[in-house]
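Accompanying notes for the structure given below.
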Amino acid sequence: MGSTIAIFCAAAMLMPQLSVSYLRIYIDLSSRNLSSVPGDLPKEAEYIDLSLNHIRQLKRGDFRNTPILRFLNISGNCLDSIHPETFLHTPLLEDLDLSHNELKDLMDQPYLQHTENLVALNLAHNKFLTMTLAREFGSLVKLQRLTLGGSTISVGDFRNIADVELRVMSLFLEGVLVYEPGSLQDVYARRLQVKFNNKFPHDLMEDALSFFPELELLELSSGYQELSKQLSQRSEIYTSCLYLTHISINWPDFTQYVHVALNTTVTHLGVSGVTMYRLPQNATTVAETSRVKSLTFRRAVVRSFLFSQEAVYNFFINMPVENLALTETSIIHMTCPKSESPITQLNFSYCSMTDTIFSRVEGLITVECKTLGNVRTLALAGNNLKSLKSLSIRMQYMRSLQDLDLSLNLLVYDGQKGCVWPQNISSMSLSSNGLTDSVFQCLPENVERLDLQNNQISAVSSSTLGLVRLWYLNLNANKLLDLPVCHNFPLLQELLLKSNSLHTPSVDRLKSCRSLKTLDASSNPFTCTCDLMGFIRLGLKFEKGGAAVTFLQWPHGYYCSYPEAVRDSNLNNFWIPEISCNSYLLAAAILCPAVVVITVVLTLCRHFDIPWYLGMIWQWMQAKHRARQRQPRPEVLLGIEFHAFVSYSQKDAAWVFDHLLPNLESPAGGLRICHHGKNFVPGKPIINNIMTCVEKSRRCVFVLSAHFVKSDWCHYELYFASHQHLALGSDSVVLVLLEPVPQYLIPSKYYQLKSMMARHTYLEWPQDRAKQRLFWANLRAALQADLPHLTVTGIEE
């Protein structure tokens, strides 16, 4: 209960007048030497600052063009009159600052009847003699903060705001205060702020301590003894939170005030913005018991140069309260309580604490603190702490410690064993330090919430210390290259990885996170390639409501960083076809059509005998090429009368005379052919005829068939032709295969024919008439040559 009250009181104390961070249009006309409100204010203006000018009057139409005005500051002018309809056209006005002007009568404020939405109104430092409020104040039902100033306060002055529930009522006392007891009883406010002038207002303090749950005394520079005396004389105080803000005080007055306050019914004491004098040389007595639950000491400045730091530290650490906060103060050490401390919440944030905190050195031995066993919450954020291992040793005897905040320090861990954290730590913040991957070897084993954001962690290895109760892990703003593996975090439910170096997160790693419910991987430099598609599919599945894991900030926090073509595109708009990313599908997509095409091509080739055509065309081209390259010299052709001598079996004569000779000797062919049926000389020996025909023919055409193989004379012709042309060094034997002649059918004695069939490419006679034209073209190309123009009538002996 005490800690709850302390937190509420602290939050209320820090509440600003009105946050304007949400305002879109801010018009700054401060210190512009203006004598009136400009007439060209933009209608979009929500915040207008006219402070520190010379404006004396606010007229009816000054703000007619600013219908959405919410915040208006006219402080520090010479304002002495405001037209009743000045704010007729600003129905949304929430914050109005009219302080430091020359308004004279709080009873005469008719302009407030058009400001029913006001939340904050500041009328301090005007010319008000009394604080009697006009009836228009009663219409400000939304008012939360009211600031007034004056020197006379009487009963009934605040009658018109008796039904207004204020959060803060501020009274700036000016001149010699005349206060009538009971004047504040009509004010209903959570907090009363009183800014003193000189004399301590005893009667006002009596009412303040009787009517307001929170009381804040501002800029008090004297009267502390009167305040302490007044507190000590009251048996019951309605006020539960008592603050001193922006004060100057010496150590004796401060300690006396604290001792007195500790024995009152006040539950929270707060001191903020304090300047301290005459700090002690010796130990200061500390009360042993207290009704106060929490003490906050914030932003202290010391004006003493010679004093005992240990005496000051001991005064605070031995305070008999449950919640002690000493923050934003340049202290470098804190001692250990002399006996078991009742403190359960301890806050030393934003000081200058070092690793020696709570310990002391006796000789060469460091003595650890054992009297803070009741501390459940310890905050040491924003200090000069450096060694994580040393801090674990400092806190090893805080057996009740549950929440530990070590953020915003200089912590590192050297990887050496020896961390001895208390066993009950369930929540730990180590954000904004210099910790690396090894930090997982120096953590409380039973931690449930772990904040490691803004460190230097690049990986969570499988050798990580098992944190079997961890359900929340914050690794934002680190250097992680991939998702962590959760084998050592079986209960992990919430994983935050925002602003790391995740390029292509491995979704398979999430399979080890069986309990994961929330994942934030936004603001990472994603590389949008095939490797990222698994992660994108998981995000899209969440977008459609089918994923077990909630993707925080999806899709607007997830965008491509590479390649440039898709840079800054949201991941849910990026897609690569599955076939481009799956090598098996891609291979199948390529090979299957290729196999089909090849099969079809081969089938068509086989059906239309395309290889034969291609082979014949190739032979024709080769023959043409050879004819051009091997054009015989004229002296070689001396005595050559025929393009070719045809050797054939007599049983194949029909084909020779019906097909071969007509196609070669016709006008289209233009060849002179020698064959024994026409050119052998009767009566002359056959051998002589053969030799003569071979010698007078440039080429020899052998018509091969089964009959040719069986003919001895054909082999003679083949023998003479081969030897004759070998002597001449030319390859002029042309084989025409009239029908298939297997090698095994050729007798071994005719090795010449076997050798020639193996060496020479032969032309096969096609039975298909469509192919025969190409056959004749090839044959003519092989025999074509420019021979001497002779008239051949026969072969002479």
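Cβ atoms are placed via backbone N, Cα and C, with glycine included.
Of the listed cysteines (C419, C486), only C419 is recorded by TrEMBL as the disulfide partner of C442. Per-residue pLDDT, averaged along the domain 'TIR' (640-783), amounts to 76 for this model.
Note: C419 (disulfide bond) has non-local neighbours L388, K389, S392, Y413, Q441, C442, L443, i.e. same-chain residues 6+ apart with C-beta under 8 A of its own C-beta. Over all protein chains present, the Cβ of C442 (disulfide bond) has 24 other Cβ atoms lying within 10 Å.
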